[in-house]
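Pulled from TrEMBL:
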ACT_SITE  GLU193  active site, proton donor
ACT_SITE  GLU387  active site, proton acceptor
BINDING   ASP60, HIS100, ASP108, LYS302, HIS307, THR349, ASN388, ALA389, ARG427  substrate binding site
Amino acid sequence: MQAPTAPSTYNEKMLANYVPVYVMLPLGVISNDNVFEDQPKMEKQLKELRAAGVDGVMVDVWWGIVESKGPKQYDWSAYRSLFALVQECGLKLQAIMSFHRCGGNVGDEVTIPLPQWVLDIGETDPDIFYTNRKGNRNKEYLTIGVDNQPLFHGRTAVQLYSDNMKSFRQHMSDFIEAGLIIDIEVGLGPAGELRYPSYTGTQGWVFPGIGEFQCYDKYLEAEFKEAATGAGHPEWGLPDNAGEYNDTPGSTEFFGLNGTYMTEKGKFFLTWYSNKLLNHGDEILDEANRAFLGCKLKLAAKVAGIHWWYKSPSHAAELTSGYYNLKDRDGYRPIARMLSRHYAIFNFTCLEMRDSEQRADAKCGPQELVQQVLSGGWREEVEVAGENALSRYDSNGYNQMLLNARPNGISREGLPKQIMYGVTYLRLSDELLKDKNFKIFKTFVKKMHTDQDYCADLGMYNHQIGPLERSKPKLVMEDLLEATKPMEPFPWGEETDMKVDDFDGVLANLIRKLFSLFK
């Protein structure tokens with residue numbers, strides 16, 4: 001056992017600026033047949049992370065693996081072996097309740113389908129899956145339309161997720177009580193994110209396509225018909241002019257100049273589509289809160305960083321994903337407000353991206369998007385965490401993440417005005433652990449910790465976790481939608497004051513410059 005570091009090694013005021021760093025484990029660390037393979041390699045890698053000052057790891061707990069044998073036949077044994085190893089290596093754990101399929105998204109190296117018995121139900125009722133206008137089914141995640149339909153051997157989709165989480169708590173209670181598991185990220189859609197599967201490689205989508213609306217299964221179609229009729233417009237149907245996966249906004253009637261999205265009919269549809277997503281997240285987080293009530297951990301939910309077409313008037317790619325975000329309407333603050341009722345962390349992606357690295361024709365705005373979303377989270381007083389969308393090993397990517405973690409820099413007098421609750425690096429790999437890459441990564445961890453040593457005591461940097469309280473009363477939709485009013489984001493610094501310097505890169509540039517002088 002390592003001797004605990006004496007508190008005197010810390011500058012306590014600087015420690016208030018400490019942002020813990022977690023590392024996402026490989027997607028297939030537990031194999032499809034529920035085996036923890038290659039434990040010696042994982043142990044070696046976890047020890048390297050611990051020695052590098054990393055605070056913990058994040059892991060997908062796949063529904064398709066754990067409940068694969070049949071309804072309510074859970075097998076947590078392989079995950080218990082993994083958790084015991086993480087504990088032994090002195091790391092904390094973020095567990096993702098992954099109710100989606102792995103495979104088909106960017107970076108998916110393995111395929112882990114939904115449980116076979118669920119897919120079998122889909123053979124006779126394919127409308128349990130998200131469906132686009134052409135009728136193509138997406139078997140990545142069950143449609144929101146079946147959240148409350150008892151189609152799964154008498155259970156609804158929400159009950160499937162709820163039972164899974166209750167079983168997890170029961171079988172992992174010793175790890176929870178020991179303080180190993182510090183947060184439960186509840187999977188709310190494809191890739192574990194609260195969104196519709198509007199852009200999917202398996203259906204032919206390629207960046208920067210606008211994607212497609214995913215509400216044409218019979219359950220959502222019936223719900224929309226009922227909503228439109230209730231609003232006095234029984235003639236309104238789902239969009240039929242919003243284009244296909246790889247279109248640009250301007251090539252469609254829905255997202256083009258003075259497009260349908262600006263009409264009464266378009267606004268009604270987009271409000272309905274995005275509200276369905278809000279309700280879905282709210283309902284499942286409510287179940288998660290019941291499942292983990294009293295546990296010393298936090299709940300979390302992930303929102304996708306849809307940064308392409310952010311700078312176009314219609315924000316088409318965000319709209320098809322279910323984020324009704326426009327210049328005059330904030331699509332993210334209502335999500336933060338919904339999360340606040342469950343004391344949940346708002347986890348956002350694409351922290352590493354800079355506008356200058358993106359394709360100009362796709363009107364990307366990752367920096368402005370991150371600024372808007374994080375500001376909205378802080379305004380709603382939720383804890384904001386984040387991760388990079390793509391693996392990066394360079395100082396530019398790390399420095400952008402450091403800037404977003406403390407957008408106005410460190411405070412030498414204690415807690416800074418804005419600070420992220422935690423950052424998760426995607427992802428543990430042989431590539432990350434290569435000498436040069438790992439050297440820069442270790443500096444990144446140190447800078448996130450504001451040059452302080454690794455701190456095992458969460459209370460020392462204001463992260464003490466008490467027992468999870470019951471969710472606050474459900475918010476009426478009017479209260480949630482009040483948060484759509486746009487507000488100026490908080491100011492952001494130009495660059496981080498805790499910079500990672502890639503000395504090898506700087507040296508190489510210097511040598512090139514010197515050579516060019518003598519040419």
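Every residue gets a Cβ built from N, Cα and C, even glycine.
Sequence features annotated in TrEMBL and their locations in the structure.
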| residue | record | contacts (Cβ under 8 Å, 6+ apart) |
| --- | --- | --- |
| ASP60 | substrate binding site | LEU25, LEU27, ILE96, SER98, CYS102, GLY192 |
| GLU193 | active site, proton donor | LYS302, VAL303, ALA304, THR349 |
| HIS307 | substrate binding site | CYS350, MET353, GLN358, CYS364, GLY365, PRO366, LEU369 |
| GLU387 | active site, proton acceptor | MET24, ASN347, PHE348, THR349, LEU351, VAL423, THR424, TYR425, LEU426 |
| ASN388 | substrate binding site | THR349, CYS350, LEU351, GLU352, MET353, GLY397, MET401, TYR425, LEU426 |
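The Cβ of ARG427 (substrate binding site) has 19 neighbouring Cβ atoms from other residues within 10 Å, across all protein chains displayed.
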